[in-house]
Amino acid sequence: MQFKVLAALVIGATLAAATGSPSNQCNTGSLQCCNSTGSATDPAIAKLFALLGINVEDVTALVGVTCSPITVVGASGSSCSEQPVCCTNDSFNGIVALGCAPINLNL
């Protein structure tokens, strides 16, 4: 009886450890493939912000430039040879994406 309880605990702990979220998952926004990323204070990005009417002072996180969505990681045709990022605001038709964080798709 004690062996069965111990075995159940070991198996349960192993399964719990194996079900953590992968680091290639985007939990807070959309998965994007951007041609470049940078700070809002970068002169080229600041020019884009001026054209789009975005206040540079309001943006503190990484910015993605010329982005397209990545729909299914690992599916054919959905690779990202540039910078894969997870962005919280991609409402500028791919020109810029705000609140981005780099992720690793090679895991």
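If you go along the chain as it appears here, the first residue is 1 and each next one adds 1.
Backbone N, Cα and C atoms are what each Cβ position is placed from, and that goes for glycine too.
According to Swiss-Prot, the protein has these features:
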type: DISULFID; residues: CYS26-CYS86; note: disulfide bond
type: DISULFID; residues: CYS33-CYS80; note: disulfide bond
type: DISULFID; residues: CYS34-CYS67; note: disulfide bond
type: DISULFID; residues: CYS87-CYS100; note: disulfide bond
type: CARBOHYD; residues: ASN35; note: N-linked glycosylation site
type: CARBOHYD; residues: ASN89; note: N-linked glycosylation site
type: SIGNAL; residues: 1-18; note: signal peptide
**Asked** In the structure shown, which of the glycosylation sites ASN35, ASN89 has the fewest other Cβ atoms within 10 Å?
**Response** ASN35
**Message:** Around ASN35 (N-linked glycosylation site), which of the listed disulfide-bonded residues (CYS26, CYS67, CYS86, CYS87, CYS100) come within 10 Å, judging by Cα atoms?
**Reply:** CYS67
**Top Cα neighbour of CYS67 (disulfide bond) in the set of disulfide-bonded residues CYS33, CYS80, CYS87** = CYS33
**Request:** Let me know the most crowded of the disulfide-bonded residues, choosing from CYS34, CYS86 and counting other Cβ atoms within 10 Å.
**Result:** CYS34
**Message:** At a 10 Å cut-off from the C-beta of CYS80 (disulfide bond), count the other C-beta atoms across all protein chains.
**Reply:** 17
**Asked** Got a sec? Which of these disulfide-bonded residues, CYS26, CYS33, CYS67, CYS87, has the most Cβ atoms within 10 Å?
**Response** CYS67
**Request:** List, in sequence order, those disulfide-bonded residues among CYS26, CYS34, CYS80, CYS100 whose Cα sits within 10 Å of the Cα of ASN89 (N-linked glycosylation site).
**Result:** CYS100
**Request:** For CYS86 (disulfide bond), just give me the three-state DSSP call.
**Result:** strand
**Prompt:** Within 10 Å of the Cβ of CYS100 (disulfide bond), how many other Cβ atoms are there?
**Reply:** 27
